[in-house]
Every structure is written in C-alpha cells, then in structure tokens.
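Student: Before I ask anything, here is the structure I am working with.
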Amino acid sequence: MGDWSFLGRLLENAQEHSTVIGKVWLTVLFIFRILVLGAAAEEVWGDEQSDFTCNTQQPGCENVCYDRAFPISHVRFWVLQIIFVSTPTLIYLGHVLHLVRMEEKRKEREEEPPKAAGPAEEHQDPAPVRDDRGKVRIAGALLRTYVFNIIFKTLFEVGFIAGQYFLYGFQLKPLYRCDRWPCPNTVDCFISRPTEKTIFILFMLAVACVSLLLNVLEIYHLGWKKLKQGMTSPFRPDTPGSRAGSAKPMGGSPLLLPPNSAPPAVTIGFPPYYAPSASSLGQASAPGYPEPPLPAALPGTPGTPGTPGTLGGGGGNQGLRAPAQNCANREAEPQTSARKASPPASTPPAAPAGGPQQFLPGGAAGSSGDSDGEGAVTAVELHAPPEPPADPGRSSKASKSSGGRARAADLAI
C-alpha cells in the first residue's frame, strides 16, 4: 500500500486546531487504523486471491466466485473508509489555514505606510483568529465548519459500518458455495486464514465504533455548549450594546424621546390681569383672557367643605347683577347686627381656584342663597374702593355689608 506520511502530516496540522476529543479521535485514527492497517492487515490479506481455491477445473469459475465472495477487498475498503472519514477534517484544516493566511495579509497591510492619495476606506477589523495563547479560536464561521466536520465524519462512519455488514458480514466462514456462471454446478470454494481475518474484521469494526462514539461525544461537547455560546454572543441585536451602537444622538426621530428622559415643559404665557376699575363696570370681559381667581370659601359656611363657591353667570352679566346683590345685602343687614363676624378670608386675589368663577364689580362681597334657609356661599375680593354713589345713606349701608370682613350672618337671608 502507498505511503501514509503525507496524509499523516496534514492530519497532524489539523490536530493542533482541534478540541480535546478531536485530538483523541485523530490519535485513534493514526494508531489503531493507519498503523495497524499498514503493518498487519496487508500481510494477512496478501494471499487473499491466490489462496482462494475452488473444487472445479472450469476456466474462469474460480475468478467469478472470488468476485462474488469479495466485491472489494477488506484492505481497500478500509483504506477508502480512512480517506472518506479524514476528508472533513482536511476541509476544516483548509479553512483554518485560510483564516490564518488572511490575518497575516491584514497585518502586512497594516505595517505598510498609508497611501497619500485617495479617500480613507472605512472597514471594520475582524476578530483576531488566535487567542492570547496563540491558538486558533474556534468561533463563528470556523465553529460552524468544525461542527459540520464532525457531522460528516459521523455519517461516513455509520455508512461504512453498514456497508461492511451488507458486503461481507462480520465473520468469514471457511467454506463458500458458488453457483455462478460459468461454473457447471454449485462448487465449493475455500478461504485462507478465515479466523485471523475475522479477528481483524472485528478489530477494525471496534475501532470504527470507538471513532463514532468520540464523534457523538464531541457533538455533545461542542454542539450543545460552544454552539449555544456562539448563538448567544454579545453581538446579537437585542443586547444593550447593540442598541447603544445603533442609536445615534442626532439620527433618531425628532418625535421620539429617550426612555428615561422627562417630558418637555411647555410654557404658555398670558398678558397680566388688571382689576376692573369703576369705569369698566358693566362691561364684558374680553374673550381669551383668564378670569381673576376666586378666594377660598369661608371655613364656617354650610355646604360642601373645601369647595370654592361660584356665582352663576357670564362676565357680561356682572353689571346687571350688581343692583340685585346690593338689595339682598340691605335686606340682610338687620339680621347681621346680632351675630359675630366670622374670621376674614386671607386668600390673596392671585390664589388659584378651580372651576369657572364670577365676581361682583367694584370689589363688593356677594352672597346668594334660597329664601328657605339653604346655605349660601360667600366670595370675597379685595380691590380699590369704588367711587362714592349718589346716595350717601345707602352707600354707608352698602359699605358695611361689603367690607373686607365677611360675617357669618351674611349667609342667612
């Protein structure tokens, strides 16, 4: 048989870039297959055809019976098995050498001085092929090549074991009966050293089973651990690093905000509000301007606690309601003398209050209520004193009822 040194050197280079189980597999291939096949098996099967004899004198009968008994020699069958099983490993070795050569070329280009002319080409440097210890790291495309290498080796092992069983079986019998043409009848043929050949057949079958078991273990070790680790690498799209790299500060949509940022503050300005003067009594407030805030309700008033009262009506009806309110205040004046005044409301005019609010012109305090004793709500607003009316008697009474202090007696009419 030919020289195995060339194939041995190639497989030795591949052993440097394999896992621990892969190195054990290559050791089994070297010692228990190539070495045993080259040293002993060829000597055992050397007289295979010359010592195959049949009890007939018919020319050609012995040759056709040998061809039917052994379609292919065991030695040549095992040589083909070694070549086919080693081919995926050689392909993986070629991939490794290609990556190493590409890295060497890249380093040579980096060492060269940069060209003065031409725009600078932006390219992403690939990950280094070798790790810190100088070994080729099995990751990425190289990892996939290694996994396919193991899978094809396993398939070839299974195929050759099944082929050997269907071609010869796993045992050689000393007697082989042949009735193939041109034999005149069924003839008996005898095989030389059948027991020794059977031992070698079983030995090579055991080595093939060990190699198959190592391939399965390597698939478990590499396919379920390293391949899973490669699939969950930190460069996947849903990791924080990839999202941070893809998000640009000025490239996003202007309508989208970062997840942790506060909503933008929107400032809406209104013109300053001025208290209505005496000359503007009876005029409707301009649309679009905010209404003046209403002071809080007195704490002692019956009704809903804490809710500021409102006097119905729009801003345009303030002048029409002022005389009616003054009359109500004059009628309630006899009842107010027997009661004590409640504490004044200290809410400034600018204090905010919810809901629509209405005010009496001229800064008068207004009260509204039903005649059957229901509680009324009093609103107080502090403004500059209005001009004195024509009747001084009535104005003095009105000034008493519309003073800065609101009394509890004003609530009952």
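Cβ atoms are placed via backbone N, Cα and C, with glycine included.
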Student: With the disulphide bonds as Swiss-Prot has them, who is the partner of CYS61, out of CYS183, CYS189?
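Tutor: Checking Swiss-Prot: disulfide partner of CYS61 resolves to CYS183.
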Student: Pick from CYS178, CYS209: which one does Swiss-Prot say forms the disulfide with CYS65?
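Tutor: Matching partner in the record: CYS178.
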Student: According to the record in Swiss-Prot, which candidate from CYS54, CYS327 pairs with CYS189 in a disulphide?
Tutor: CYS54
Student: With reference to Swiss-Prot, specify whether HIS17 and PRO182 are located on the same side of the membrane.
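Tutor: Membrane side for HIS17 and PRO182, as annotated in Swiss-Prot: different.
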Student: Any idea which of 2-15, 254-267 is down as intramembrane segment in Swiss-Prot?
Tutor: 2-15
Student: Can you tell me which parts of the same chain pack against the topological domain 'Extracellular' (171-198), counting only residues 6+ beyond its ends and a CB-CB cutoff under 8 A?
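Tutor: For the topological domain 'Extracellular' (171-198), the far contacts come to 44-45, 47-48, 51-56, 58-62, 64-66, 68-69, 74.
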Student: Given the model, what does the mean pLDDT over the topological domain 'Extracellular' (41-71) come out as?
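Tutor: Result for the topological domain 'Extracellular' (41-71): average pLDDT 82.
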Student: For the topological domain 'Extracellular' (41-71), find every same-chain residue at least 6 residues outside the stretch whose CB is under 8 Å from a CB in it, and list them.
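Tutor: Tertiary neighbours of the topological domain 'Extracellular' (41-71) are 1, 78, 167-168, 176, 178, 180-184, 187-193, 196-197, 200, 204.
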